[in-house]
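The next block holds one structure in the form of structure tokens; read it before the comments.
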Amino acid sequence: GVCLPPLRISTQPSSLSPFELRITSGGWSPLTSDRYQWLQVDLGERTKITAVATQGRYGSSDWLTTYLLMFSDMGHNWKQYRQEDSIGSFSGNSNADSVVQYKLQQPAMARFLRLIPLDWNPSGRIGLRLEAYGCPYSSDVVSFDGSSCLLYRLTAGSRRTSTSVVTLKFKTMRNSGTILQVKRSDGLSLNLELERGKLLLLLRRGRTLSTETRHLASLGSLLDDQHWHHVTLELHSLHVNLTVDKLTKRVQIPTELHHLDIDELSFGAVESLLQKTIISSRNFHGCLENLQFNGLNLLELAKVNDHRVAAGNLTFSCVEPNSVAVTFSDPHSFLQLPWATASSSEGASVEFQFRTWNKAGLLLTFDLPQQGGVVWFYLSESHCARPAVCALTEHLTCSALSDGQWHSVELNSRRGHLSISVDKEEGGSAQASPSFPVAVESQLFFGGCPTEDRQESKDHLDTFYGCMRSITLDTNIVDLILVQQRQLGNYSNLQIDMCGIIDRCSPSRCEHGGCCSQSWTNFHCNCSDSGYSGATCHSSVHEPSCEAYKHNGNTSGYFYIDVDGSGPIKPQLVYCNMTETDTWMILQHNNTELTRIRPSPGVDQLSVHFGYLSEEEQLLTAISQSEHCEQELSYHCRKSRLHNTSEGSPFSWWLGGPGSGRVHTHWGGAHPDSQQCSCGLQGDCDSGLLTHKESLPVRALVLGDVQRPGSEAAYRVGPVHCYGDKNFWNAASFDKQTSYLHFPTFHGELSADISFLFKTTTSSGVFLENLGIKDFIRIELSSSTWVVFSFDVGNGPLEVKVESRVPLDDGRWHRVRAERNIKEASLQLDDLPVATQQAPTDGHVHLQLNSQLFIGGTASRQGGFRGCIRSLKLNGATLDLEERAKITPGVRPGCPGHCSSYGPLCQNQGRCVEKPSGFSCDCSSSAYTGIFCQTELSGSFKAGTSIRYSFKDPYEWSRNSSHLPSSIYSDSTPRGENISLSFRTTQSPALLLYISSFYRGHLEVRYKLDSSRDAEVLRSGVRGMANGHLHSVSIRRQTHTVSMQVREISPTCVYLNTLSTFKIKSDDLDPHLTRVASLGFTGCLSVVQFNSINPLKAALLHPDSSPVVITGPLAQSNCDQSDSVGSGQPLVNAFRTDSALIGGVIAVVIFVIVSALAVTARYLYHRKDTYRNQEGKQVKQEDSPDFPFNNQMDSQNRSTESTKEYFI
């Protein structure tokens, strides 16, 4: 209807607070200014109130600064009006003359309005002039008493409609009952039922109480508060929209309800009046208002006895139960009531109901004057309720009482016994019977204690936060209105005639499946196993791609990736194959093997469908965000055709792309729609990669011509392989402080997360800013070490700061993660601890922005950012900085220079190489390999295995080094050596790298730099090295100084007396080396390095292009695994003959030759031959494959005197 002009509310004594007031022509002002005053207005009838306005008292210093608004239909059972569902108070005036008006976000339908002052001008008193705005409100109401029913039967012409809509309002004090049944003639019904204060949408089949029931949806909470709640049920052909108050849920309905033909609507009762009405606890007790079906007012039809409507036991008015509740909302709240019993023989009883979210709190306490004791009755977390009397304690174990439902308590004292019952009428009674008499001539305290008695109760009891009602003393119901008027008992900090409980978990603010729990003042989200973190489970704990995991230093493996961060798409488990060139994400399906087609009789066409492990949104988003994707599609056939039917259409095709996919006739390696390749009658048909992302993934294969006599066919559809992350490297470079990018307004009303990387050489600048009328959000670099996240949602500006331990203007990438939700704001910089700032419990929660979003600058064009911003995500969505930068002056797309940040990921002397989007590690100068040069190269050696590496002359190096890996070269005449290797063996003695395991018990290094002198020996005290464990040896010489380090033990150093260069003759070779060389080496060697030479790596990875000769079996292995020791025998059986060798040591002699003309390998072979002749009974023939060195040398190497060789 048309709204009336603003209603000016007169302040008549009859419509004001029952307390004594001072009424003047300038407004309302009570005699006493405290929080127990109120102004109540009777509008005469229910009115749609849309706004209120306040002023201070005329010509005075009296005005309100904050106040509460309450509404009621009957003048009791008040409901507090809340803004944004959380803010309970309104801001008032700052002087006596200005008008402050509030438009109510949701109009209030009420007859009575009550304004309660909270704060006022400290230099004055409570003073108020009030004005309310609204419209007339008309309605039809009906009461249901549990035996009532209203039935509407549809005519044949009105049953079939594309959409059916039922609207109504209801109010009730019962937490269960059937409100609506939408029935079909076959007994199938769609029901709206209250259950524990929530409205359930159920699908029921059958006409008895034991019907088959399916739960479809649940909405709302605490709907048994005796206030009006609006319900809309929209029935569509494939889904249902259910609305309760301001919450709406869309529900897909089962197939059997598609195109529902409604036969009748039943309200209030389980069964319709066509059958015998069943009095059931599932029937509805309460009132319905404005009951409409497809715009038809059913209550008007019932009043005029329309033939389509049948009604029973209805009252066309709303009968309000006379129940007064009281709210304990403050730590100082308590209710004091007088209670006296003449003697214990007469008995005494206390009954009340309570509801709360808190697991602990004092419910009731009273003194026992005759016994000199005190009774405490309270909730505890370990027990539902616990009465304690002096040293006597009884526990009542029952179901949870902190569930927000009403629970009843009875305390009865009869003949010296106190009995306690909880929820007796609900069938869930928990009882205890302490043995002591109760004769009370004192006071009862509910919920808390007065200030003077508070210390004793506070020491061991929590304050009760919640509601109570139906307080009965010795069968007499306490009139709480008299308490409110100070005519009975006493109270403090109570809200009387209302229950102010709020369900902070309905709707749940916990995102992504987080579990919500709550107390009276707050809520908590349990994010365990959700894949998300934060106060509301908003931010993903997983990276968005394999590329991101790589740049965190991870190597290949299974990872959860979250392609949209905090968005609705769930994380998915994928395998990340991180190679030296690309990082591949592998998306699997249910059949990646080569599958032979087995024709079925009479079936000319075979259809195969593929189910992917990832969900649809996960799969398509992962493919879309990747730089490149491919999928193998192969079809092997003989005498089966792909194309060339008589009509020209193909025999076979495949489906690929979004949804169920579209038809494709091209095959692997061919361009879409090319219908290539065709298959002849002989040979293989087609095998290749599909690389057009729009046609991926392959959903199904349809294969024809499989019944031809003698035909054979097989297919394989591999997993989807993708590499690159377009979002991860999406960057922009800001050249000036006045340059910026702008985007549409950022929408993050309740939850907002922002993440990005930046690098700069300036000490300050604004990364991001978005403004509203009053609200704003901003992230900035305030100094070289501080990042600040600031915003305002209406509660005043709030800042979260993080200080870095290192300067942030170092030209390296730094990561920022900021989040704001209704509980807190958080900010994280790099890997520093997260800084948080709690939000006000009952403050504004909606972030309302309306301007453009500025990146790299501000709306004022001041304090902009100079540097690079990359991978900017807002609520999981990546902003395309590069595309916007292409058309924006002063901003360049992309940002080079990543090694300054990611270079440390390259390990073991690996070199970082810049790429346009990212970096790679060059491992050519490292003895390691892998994506970060982190994988050690190990070789498994048998007794007949050896590697010979030939050093080239400087001329040879300069001539040939351009096309060979740099790991095979070295300086020609080094002044020192850096030698390192790791080995594991159970053999002693053995030759490693001119290392012989001859001297047992210690490690020796022999340097012989002068042929005229004996070798100088450097010994290590490390023992037990032939024990099958992995040992690392590092030897360094610089001219005359040699140091040796074994494992993590401090190095041993020695000063050589010999010259640093020498010449040596063949007969001067240590005979022990010749002997040990003939025995070979059995075990594992890894990461062998001589200066910049990596001979083992060259032999394992580049045997054809490196100057190496491999003799005998050499296999790549892992020295960390025990099964590669020796010949595979258990370590306990490795030695049998010599007890001194069991668990013995490996003593190593390193014979390093440094000379312009080094010793050639033939001298070693000559000595080996000589020793074989002397020790023939221990050594096999020269041509035996077990020998580690055989005489079939390359003729060129044997004739080149300038060639130096060293052996492994």
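From the backbone N, Cα and C atoms, a Cβ is placed for every residue, glycine too.
No curator has checked TrEMBL annotations; they are predicted automatically.
Of the cysteines listed (Cys868, Cys923, Cys933), TrEMBL assigns Cys868 as the disulfide partner of Cys895. Packing against the domain 'EGF-like' (501-538) from elsewhere in the chain are residues 82, 198, 220-222, 225, 247, 327, 329, 355-359, 404, 465-467, 560, 562, 566, 570-571, 750-751, 753, 819, 821-824, 826, 841: each is 6 or more residues past its ends and has a CB under 8 Å from a CB in it.
The average pLDDT computed over the domain 'Laminin G' (730-895) stands at 93.
The DSSP breakdown of the domain 'Fibrinogen C-terminal' (537-589) into helical (H, G, I), extended (E, B) and coil residues amounts to 5 helix, 21 strand, 27 coil.
Sequence-distant contacts (6 or more apart, same chain, Cβ under 8 Å) of Cys868 (disulfide bond) comprise Ala731, Ala732, Ser733, Phe734, Phe758, Lys759, Thr760, Cys895. Per DSSP, the domain 'F5/8 type C' (1-135) is made up of 3 helix, 71 strand, 61 coil. With a 10 A radius on its CB, Cys895 (disulfide bond) counts 24 other CB atoms from all the protein chains.
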